[in-house]
C-alpha cells in the first residue's frame, strides 16, 4: 500500500512538473505589441499596452495584459490614493481582447517584433512566469510601474538595444506630456495638475504612456535593423461628425463660471463657502502628501493655493487683527504658489482658480479694511 501511495505521489509530481511550464513556441510564432487608444473612463484616458503571442502551429493566440484590477477590492479608492492598490497580470484570447476594444470604439494598433526564435522563447517564458501567483500582482505606480512600463521591461530584458525613449514629445516634462492628452478634458486636467506634485515637472526619462512606447518601438533599431518592420491598424474607431459648441468640460466654460463667481464674491456667504472649500482641499492635499506612497503626489505646492488657513477665515472676521494677519498670510501663500509654478504648465492650467482666489482675498481684505476704519 505504501509503495502504491509513493508511486501515485511520484506520478502526480511528474504530471505537475510537466504542466508547470508552457510548451515551447514553434518557429512560426510571432510576438507583437498591441497599443490601444484612449477611452471615456478615467482609467482609460491614456490608452493601454498589451503583448500578443501568436503561434498557429501550437494553437496559441493570447494577449497578455498588465492593467488588470478588481473594483471589488476592499477600500479600492483609498488604496488607489495611498498607492498600495494591487494590479495584476492575466491573459485572454486575442479575439476576446480585440472584441472588447471594438465594442468600446477604441483604436488598436499592432507592431510585430523582429526577434530571433531564442528571444521569442525568452519573452514567452517571462510572460508566463509573470502569471504565477507569486509574480502576478504588483503595486501600481502612475509613472514608474503601469501596464506600459511592465511591457517595456519585458521586451528590453530580451533585446540587445533598449527601446528608444527620446521620441518626439517624450522629452518634455511628465506634466506637459500628460496635459497633451487632456486638451478636451479640462476638469480631469485640472484635477491631475492640482493633485500631482513637483516630481511630474521633471523631464521624462521613461516610456510610461502607450502611444509614446509605440513611437519608441517604431524608431528603435537593433543591429541596424528596425525592431518593428511596420505598424498595423487593427481597428480604427468611428469618429463622431456632430458639431458642438463650447464644451462644458473646457477651460473656456470654467473661466465663464469663474467670472460669474467673481461677481458674486462681494457676498459674504459666497466668500465663506469658497474659503471653506479651499481650506478642505488644502487639508486633503496636505494629508495625501504624507499618506500616499505615490511619488507623483509628494512635494505638492497646491497646498499653498488651497491653504488650510482659508478654512479659518470665515470664522475670525470679528477679530480684526488676527483676520488681517491670516488674510495677509494666505495672500503670501498664493503669491508663492505663482512664483514656484512660473515655469510649469500647472500655473496655466490652474490660472482661473488662482485669479478667483486672488479676487476673493482682495474683496475680503478691502471689506475688512473698510470696517476697521
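Quick reminder: no glycine exception, Cβ is built from N, Cα and C everywhere.
As the structure is a computational prediction, the values presented were derived from the model and not from experiment.
Here TrEMBL gives transmembrane segment for one range in the set 226-245, 246-265: that range is 246-265. Counting only same-chain residues 6+ beyond the ends of the transmembrane segment (325-343), those with a CB under 8 A from a CB of the stretch are 301-302, 304-305, 307, 309-310, 312-313, 316, 350, 354, 357-358, 361, 364-365, 368. Here the transmembrane segment (297-316) has long-range neighbours at 83, 194-199, 271-272, 275-276, 278-283, 285-286, 288-289, 322-323, 326-327, 329-330, 333-334, 336-337, 340-341, 350, 353-354, 357, 364, meaning same-chain residues at least 6 beyond its ends whose C-beta is under 8 angstroms from one of its own.
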